[in-house]
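Each remark here refers to the structure printed beneath this line.
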Amino acid sequence: MGLIVQKFGGTSVGSPERILNVAACVKEETERGNNVVVVVSAMGKSTDHLVSLAKEISAQPNKREMDMLLSTGEQVTISLLSMALNQQGLNAVSFTGWQAGIVTEPVHGNARISNINTEAIQTQIAAGKVVIVAGFQGITEDGEITTLGRGGSDTTAVALAAALKADKCDIYTDVTGVFTTDPRYVKAARKLLSISYDEMLELANLGAGVLHPRAVEFAKNYQVRLEVRSSMEKTEGTIIEGEATMEQNLVVRGVAFEDEITRVTVLGLTNSLTSLSTIFTTLAENHLNVDIIIQSTTEGGTANLSFSIHTNDLLETLKVLEDNKEVLGYDQLDAENKLAKVSIVGSGMVSNPGVAAKMFEILAANNIQIKMVSTSEIKVSAVVEEKHMLGAVEALHAAFELGE
Ligand code: ADP
Ligand code: ASP
Ligand code: MG
């Protein structure tokens, strides 16, 4: 008898009918002779609704209370699914994050799982029950409720699969697998039969919302067999594994994109040895996440520095820089909004020079100006104007022959 962790996302549990459909899917898995642990998200767009409710009360809601609020979404689904399973004659029990023993670091809104005490779940499995766990939430050592960041139910599922040494973790969602790019925006996107942990991790980190990046990290670190598949169609999904079998000999495997990027420029930095470290230490101390960084020196001996951030962090970033102007020693600040990042990913790039050059050529041929660039062994990212984002994705997807 095996142990399978199944995760169902928001759309897949978006209505009573869908929850009944999920119950049938869980039942089928038990009928194959497996023990099943199910992780669910909040129904449909209910997390978004909770966020807007909070915004109607306060422009900057208290982070602890925000977690208290958002964690209720998943609690609705676990109870309903448990009722549905009981109705179908299965013995099921629902657990919130803390009942499931999911311990996180003491950070509100984006906590990492630090430990899982699996005893309570194991006891229920041994008693022959299907255990349904609320995704996206945990508890600190001090008993405070935390959430794992938007999309974090995937991470609950994979972390549980790792801790329970499950045979497999199936992520059921509203697409049939991981595609070469987001199929909602690009018609020609093609489903991949398999993809490596490393490539999936890059795609997830670069904006492909189909999997939470930390879920892929857990899967890679604990070698969890992971499959992304449809909760509505009974078709094969995409396997995420150590070494993906290449379906085609393609250097680029996927295109990811992300909007709401802002470029901040710090002009006239007194080019002392320490100014770079001071700026980024100050930003990090204020939990401000910086992505691409570019520095250039001017003839006058000062330096100009540009870096990209999420647009939501702009006001706070400017405030931190202005509050520390004396220490940091610069002339002027500048910010450019409405930017986006488009990235190509593929582990074949390591041994194929010229991929970045080809990407720049394609963007130039489409009259798309590149504002910033960053590369790693298996990806190239370009920051472009937001209005060019989807055009850039389409052009790259076609030129690297990723389509059907
Ligand atoms: P869930 O609620 O099931 O967690 P999400 O909305 O978080 O679902 O993730 C599924 C969505 O991810 C899809 O509807 C799709 O629009 C988006 N997506 C982005 N990039 C990709 C990709 N490369 N392959 C498949 N889906 C993608
Ligand atoms: N309900 C949470 C969200 O909407 C977590 C998840 O769905 O994974 O972000
Ligand atoms: Mg998701």
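Each residue, glycine too, has its Cβ placed from N, Cα and C.
Keep in mind that TrEMBL annotations are predicted by a computer and have not been checked by a curator.
Listed features, source TrEMBL:
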- Lys7, Phe8, Gly9, Gly10, Thr173, Asp174, Arg184: ATP binding site (BINDING)
- Thr47, Glu74: substrate binding site (BINDING)
- 264-347: domain 'ACT' (DOMAIN)
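Distribution of TrEMBL features across the structure.
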{"residue": "Lys7", "record": "ATP binding site", "DSSP (3 states)": "strand"}
{"residue": "Thr47", "record": "substrate binding site", "DSSP (3 states)": "helix"}
{"residue": "Glu74", "record": "substrate binding site", "DSSP (3 states)": "helix"}
{"residue": "Thr173", "record": "ATP binding site", "DSSP (3 states)": "strand"}
{"residue": "Arg184", "record": "ATP binding site", "DSSP (3 states)": "coil"}
**Fill in**
Expressed in angstrom and rounded to a whole number, the ATP site built from Lys7, Phe8, Gly9, Gly10, Thr173, Asp174, Arg184 spans a maximum Cα-Cα distance of 21
**Message:** Going by Cα-Cα distance, which of the binding-site residues (Lys7, Phe8, Gly9, Thr173) sits nearest to Thr47 (substrate binding site)?
**Reply:** Gly9
**Listed binding-site residues adjacent to ligand 3, that is, members of Lys7, Phe8, Gly10, Thr47, Glu74, Asp174 whose C-beta is under 6 A away** = none
**Asked** Once the chains shown are all counted, how many other Cβ atoms turn up within 10 Å of the Cβ of Gly10 (ATP binding site)?
**Response** 24
**Request:** Just the binding-site residues from Lys7, Phe8, Gly10, Thr47, Arg184 whose C-beta lies under 6 Å from any atom of ligand 2, please, or none if there are none.
**Result:** Gly10, Thr47
**Request:** Using Cβ-Cβ distances, find the residues under 8 Å from Phe8 (ATP binding site) that belong to the same chain and are at least 6 apart in sequence, listing them in sequence order.
**Result:** Val22, Cys25, Val38, Val39, Val40, Ser41, Tyr172, Thr173, Ser231
**Request:** Across the whole of the domain 'ACT' (264-347), what does the mean pLDDT come to? Round it, please.
**Result:** 92
**Message:** Taking every protein chain in this structure into account, which of the binding-site residues Glu74, Asp174 has the most other Cβ atoms within 10 Å of its Cβ?
**Reply:** Glu74
**Message:** Please list the binding-site residues from Lys7, Phe8, Gly10, Asp174, Arg184 whose Cβ falls under 6 Å of any atom in ligand 1.
**Reply:** Gly10, Asp174, Arg184
**Request:** Select the most exposed residue of Lys7, Arg184, where exposure means the fewest other Cβ atoms within 10 Å, treating these as the binding-site residues.
**Result:** Arg184
**Message:** Taking 10 A as the limit, how many CB atoms besides its own sit near the CB of Thr47 (substrate binding site)?
**Reply:** 22
**Fill in**
DSSP tally for the domain 'ACT' (264-347), helix/strand/coil in that order, comes to 29 helix, 35 strand, 20 coil
**Item:** Separation of alpha carbons, Glu74 (substrate binding site) and Gly9 (ATP binding site) (Å)
**Value:** 10
**Request:** Measuring Cα to Cα, tell me the gap between Lys7 (ATP binding site) and Glu74 (substrate binding site) in whole angstrom.
**Result:** 12
**Prompt:** Using Cα coordinates, what distance in whole Å links Asp174 (ATP binding site) and Glu74 (substrate binding site)?
**Reply:** 18
